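Q: Quick one: this structure, given as structure tokens, is what I'll be asking you about.
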Amino acid sequence: MPAKRKSEFRKVMKKYWTNGTAVLGTCLLFFFIVIAIFAPQIAGVNEMGDNYQIPRASWSSKPIPPSAEHPFGVIGGRDVFYGVVWGTRTAFRLGLIITGFAALIGVIVGSISAYFGGWVDEILMRITDIFLSIPFLVAAMVMTTILGKGLDKVIIALIIFGWMSTARLIRGNILQAREEQYVLAAKALGQKDWVIIIKHILPNTIFPVVVQMSMRIGSYVITAAGLSFLGVGAEPGYADWGTILSFSRNWMTMLDQSWFAIVFPGTAMVLFVLAWNLVGDALRDIFDPRMRS
Amino acid sequence: MDEKKALLQVEDLRTYFHTEDGVVKAVDGVTFEVFPGETLGIVGESGCGKSVTSLSIMRLLDEKGEIAGGKIFFDDQDIMAIPESKMMKIRGNDMAMIFQEPMTALNPVFTIGFQIMEAILLHQDVDEKQARKLAIEMLKKVGIPEPEKRIDEYPHELSGGMRQRAMIAMSLSCNPKLLFADEPTTALDVTIQAQILELMKSLQDQYGMALVMITHDLGVIAEMAQRVVVMYAGKVVEYADVHTLFKNPRHPYTWGLMNAIPKLDEDKEVLYNIPGVVPDPLDFPEGCRFNTRCPLATDKCQKEEPPLVEIENEHTAACWHIDKLIETIKVSRAGETA
């Protein structure tokens, strides 16, 4: 059995590595992981203490274009290179924590709703509808305004308004899978209900959630950056891609002087989102045996 | 046949579904028995309640379905009275089922070996290694080539016929006394159908289990069954052994079904079909449920429901106009031979 399993695994891996977009996504993601791990070696540390505070490079608010000393330039007195490199860590933290908790809440709410059905389903789904009916960005802004500034508040706000689509997805999938004949067949074999849910229904329903999760990691980073840009996100000076963008807000009419403050963190964000999307696609191909062959 | 003890005895079974539009009487007073080792065929159009009958017997109805009346005895046990935990032990072990669509009845994310082993591990006291061995053995028995290799394949990697074989292996892995086959060959092409039927026959000989063959195909019935229940709109309309049924059908519906089969020695442009459609189960006609489509129907048929009566030994039918039917058949057959 182990020998057989291994060859199956190898077959999948071989398929994965011959898929161009999957390789590109994995490489990109790996690149970001390396940058996040070696941030102190790449961009140095903040001698003043907190590494997640971008050290001041100048006391003038005037942007300084890229130079040997500041490869990505300086905006708002902060070194953009330092911010982009250390911001990678922030991006991972934001994306993984928000998606992880939002998906967990979503899966719990969705499965309870689908499994119990009836009025439980009705109540939970109406609550989900209420959350969905509030525009996401507005809700997140209001939340962060109430909770106060800071990255942790952004995370909480985005979790509170980020679980609904997962809940709906898993509920729909379970309802659909419950009617499948293999569930009836498993019952006809004398299998217990909860074993059927865990063994037969969840494996058939969880893949879309995993794929959705990986794709949303990127988009949450963008949303968090949007909140920072609007001034309700991380504190000014925090090593976060959105914070750097918010510095450039005052210089938007003078792009010839401040382009680097948009281009570098912006590129980092685009590539980050792209990486997760490609990996998400590849994950679906790996996990779902129906997509093989 | 009364001396022999029935393995399964179904008496006046009624299964109702409570829907938003009203009560659907999917099965409305069905009686039959199955003896050990024999094959009983249940024939009828789609929606006549044949599948629901088997699901009721296995107690696999969903929340909307309810057994509203009747008795089911299996192997001296009152199926309606035993607790669910005991029923779970019976399912798969003593009573098993194979389904129409082998694609959807196998879980797409697990290998067929895993699924066969699940059944074995559930009911037999063996470890995983032995279960795997048994699963390979089962696959060999159902005629899957290279079972050692196939056992680790996923359902989508197998052809339709192979999947149905795997499904049969799964349901027979615990050597059940009774197997329900719900349209097991409908989704397969004709050559594969014959192979699967042949396989089921030989496995039945080997294991000695009783088989309930649910189908709309009289050809399958002629091939497989010893006795036949003909169902129409939730009711048994005729019940006889297979030779009697084909030779002397005593219900216009059975006769209609037989007429609808194309014959090799005839050159017909248009095949016979029974006019009309199966009545809406929410609104069955009064009297005989077949009266809307029956060529022999009279006023009596619209008002009074014909009882299921024994017309000769072991042959029952529910029709007011059996004599008229006999006459019609005689005329028609005379025309054929002329």
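One is the number of the first residue shown, and numbering goes on along the chain from there.
Yeah, the Cβs are placed from backbone N, Cα and C, and that goes for glycine too.
Copying in the features that TrEMBL gives for the protein in this structure:
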type: DOMAIN; residues: A:92-280; note: domain 'ABC transmembrane type-1'
type: TRANSMEM; residues: A:21-43; note: transmembrane segment
type: TRANSMEM; residues: A:94-118; note: transmembrane segment
type: TRANSMEM; residues: A:130-148; note: transmembrane segment
type: TRANSMEM; residues: A:154-170; note: transmembrane segment
type: TRANSMEM; residues: A:217-239; note: transmembrane segment
type: TRANSMEM; residues: A:259-283; note: transmembrane segment
Q: How about long-range neighbours of the transmembrane segment (A:259-283): same chain, 6 or more residues beyond its ends, C-beta under 8 Å?
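A: Distal contacts: 16, 19, 21-22, 24-26, 28-29, 31-32, 63, 65-66, 72-73, 75, 80-81, 83-84, 87-88, 91, 95, 210-215, 217-219, 221-222, 225, 241-242, 244-245, 247-248, 251.
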Q: Answer with yes or no whether the transmembrane segment (A:217-239) touches the transmembrane segment (A:130-148) by the criterion of at least three Cβ pairs under 8 A, sequence separation 6 or more.
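A: Per Cβ check, the transmembrane segment (A:130-148) touches the transmembrane segment (A:217-239).
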Q: Which residues of the same chain, at least 6 past either end of the transmembrane segment (A:154-170), have a Cβ under 8 Å from a Cβ in it?
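A: Counting only partners 6 or more residues beyond its ends, the transmembrane segment (A:154-170) has Cβ contacts under 8 Å with 94, 97-99, 101-103, 105-107, 109-111, 113-114, 124-125, 128, 131-132, 134, 136, 139-140, 143-144, 147, 205-206, 208-209, 212-213, 216, 220, 223-224, 227-228, 233-234.
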